[in-house]
């Protein structure tokens, strides 16, 4: 996130609207001003716009953010435009307030917009809390994290440095992508819990199965159950054999009894058949009579149909005869109208000829009207051209007078041009001199600053060399001590190997009066001390080289400034035409500035006088061109006027000819039309030239022609229709008479045939034939009924004879005894089946339980082996290990190591190689694992101590380094949070001169990147080193914001 523009309205000491454009400030800027002017308020406004409150201990002053200088009726708000990657957003937040004319408090208002093209598009959110969530998702930092890594409030810049492990963990988890590690832990934990649950379930199932099947006595119980089951099956088999024998015997007796009962039923049915024989005989007679009447009915129906057809055709012939008589009467009436129709045809031809003459007269009248209009238009054009000619003559006279005046004014342009050029040369010479003077003054100031910096760096280099020499001497002394201690250690080891009366391996003596007895454990502290001194010496040597490189660079810059100053003196000598071997003093900047202003004023006046002469010259060209145009227009107007007058004379002659022609047509036309007495309108003589008059006459003639033509066509159409209809009716009547004769002959033939057939079938008349008819369904049903009756009677008679031959007359007396015996055997069989089913189920259950027991045992062993590694891995990842550290915490420790590595690069430069941050060694106390604490390693003392022991200035250096290291570490990760800004409120005043130089140098390095750094400080050296500033000017009516290099 990088701020682009901040707008304040009635916030803190800023009354009204104030805008800060961060894009015009460069990568690093300084906020300066008097105490209480409102410097910190700018950072508070940024935090308020994003999070709704200032950061740090100033979060409680949100009610005081509203300006006390503003009127109660005015609103107070903060608007921040910021970039996030390639996108630009704007957040607007209005403070809550209670207006003077209202009792209720106005709630806080918040909205977020995104830039689209040249406009802003508001991001739709239902509530303010939803908008704040969107802002948080964009920044990916809450207010606590923002004040620890982006905006370091006044007096609280060491928050992250001094935070405990829990607070650091919360901050780092949000800044770094540890979700994957946490997800891995959760996934391993879930799988471990699932595996443990599965194992517990299997163990419970195994205990239950062991209690149910008792695997120790399983085989004995199985053999007992199998023997009992076999015995029951043998008994069941014997019972089923006995039951089959008695059942067969009983079924034979029951079959004989059923046959006797069936014989009784058959005899009763045969008696019923004998009673139904007369009814079926009568039905057979009806069937025979219906079969004879069926062919006669078809013939009778045909005869009736022929009779009906004859009657219908006769009625149609009568109707057609009446229609033909009506058509003949209409034809006679049309023949009587033929003479009148012929007269109308001749009249139609006469009107057609008259229409041609009227159309000619109409065309002539139209031509007269058009020519009259053209003549009137030409007359108006001639009048207009005459007026234009008079106007152009007057303009020509006026332009001649104006040209005489401008000619006298343009005569002075050469003199004024010469004076203007001389002044331009003098001004260019003065500006070049002014530029050289200003550049020389800047180089003198830079050379002095660089000289002071070189002297300071020489002192630092000498100090670094002394430190390095001292560290080298300490290193040599420590090495000598280690060598001496190693010698003593060897002596102690050798002394411990000596035995009484045994020769010494060194001197060969058997007497050992004073063997070495020093403790050999003193070597390890010396070794650690030598390692620390070596590390310190390497750091000091590196720092000395860095200082020497910077000193060399500053000397080169100073030499460059001196060379540029000599070049400027040489250029000024050439400009003033002085001898380069003699010294030429560069004039004072103020004097040469006054000279430039004087020449500029004179040049402006000369330019105005030259512009007047040039303007007169330009104005002279325009009247000359206008005079030429006016004379050309005057000549063109005269020529066009002559053409228009000639055209008007020609039109007048043509108009006279057309009037003579229409007069001739008007004399001829009434004679032809009056002879026919058709055109009724009577017009005056002066209207004969009117187009409407001839148009009305033409329309009247055409109307009469259409009416006559329509009447004649209708007469011809009706006459033709009557002729055609009469011919068609005659042909139709003849055809129907032929059909009537054919039908009558067929009727007589069919009537004789039906009479002969009816006599042969013994029917007296047609009604008896109709009464004897039966439908096909009725006939089929009656025949099927008789056939079924005969077949059923024959079958029952044959079955009765067969059964009487098979059965006897005695009824067995032991049927009840057989039934009782069968019933007893059925009960025994059911008892045996129930016993077999119980034994089989018991045996199956026992076997199934034992198999489940064995399967469960195998599964438990397999699952135990499979889950062991998973459970162990889950315990290790979730902190159930020797160090009691979780996997995500281990990842955060790695990130913290990386942050401190970045931070130490800058901290060692600022502390001249003395301090570097170190992550505390992992340890476990009563409260658990403490792995995110930060310690400070002191290269001068070789000790490691808590960060809280640092002084104020040292704490500030460590906090700045840690904040920058945190930003560097985050930015190196793709997809991480982008930290493009860092805001520091005070803290530089606690640094000494050398530390301040180092801090400013590091900030200069950061300035070369794309990161923005804003600093609030009263340190004067920062104001000279940082070119871009925001100056807060304090007045008794509120503060004002000024940007740029203004002091």
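Counting starts with 1 at the first residue shown.
Cβ atoms are placed via backbone N, Cα and C, with glycine included.
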* Out of 521-547, 548-574, 575-601, let me know the one Swiss-Prot marks coiled coil. => 521-547
* Structure fact -> Per Swiss-Prot, the coiled coil among 448-491, 624-667, 756-799, 800-843 spans residues 624-667
* Asked: Pick from 305-332, 333-360, 417-444, 669-696: which range has coiled coil per Swiss-Prot?
  -> 305-332
* **coiled coil according to Swiss-Prot, located in which of 382-410, 846-874, 875-903, 904-932** => 382-410
* Asked: So for residue 38 (ATP binding site), how many other CB atoms are inside 10 Å of its CB?
  -> 25
* Other residues, Cβ within 8 Å of 33, 34, 35, 36, 37, 38, 39, 40 Cβ centroid (ATP site) -> 13, 41, 1032, 1034, 1039
* Asked: Given pairs 6 or more apart, does the coiled coil (305-332) have at least three Cβ pairs under 8 Å with the coiled coil (698-729)?
  -> yes
* Top partner of the coiled coil (624-667) among 178-276, 382-410, 698-729 - counted as Cβ pairs under 8 Å -> 382-410
* Structure fact -> Least Cβ-packed of the binding-site residues 33, 36 (other Cβ atoms within 10 Å) is 36
* Structure fact -> Near the coiled coil (698-729) in space but 6 or more residues beyond its ends, with Cβ under 8 Å, are 320, 323-324, 327-328, 330-331, 334, 337, 341, 344-345, 347-348, 351-352, 354-355, 358-359, 362, 678-681
* Structure fact -> In the three-state DSSP scheme, residue 39 (ATP binding site) belongs to helix
* Looking only at the coiled coil (305-332), what is the mean pLDDT? -> 82
* Surrounding CB atoms that lie within 10 Å of the CB of residue 35 (ATP binding site), all protein chains -> 7
* Does residue 34 (ATP binding site) have same-chain partners at least 6 apart in sequence with Cβ under 8 Å from its own Cβ, and which are they? -> 1032, 1034
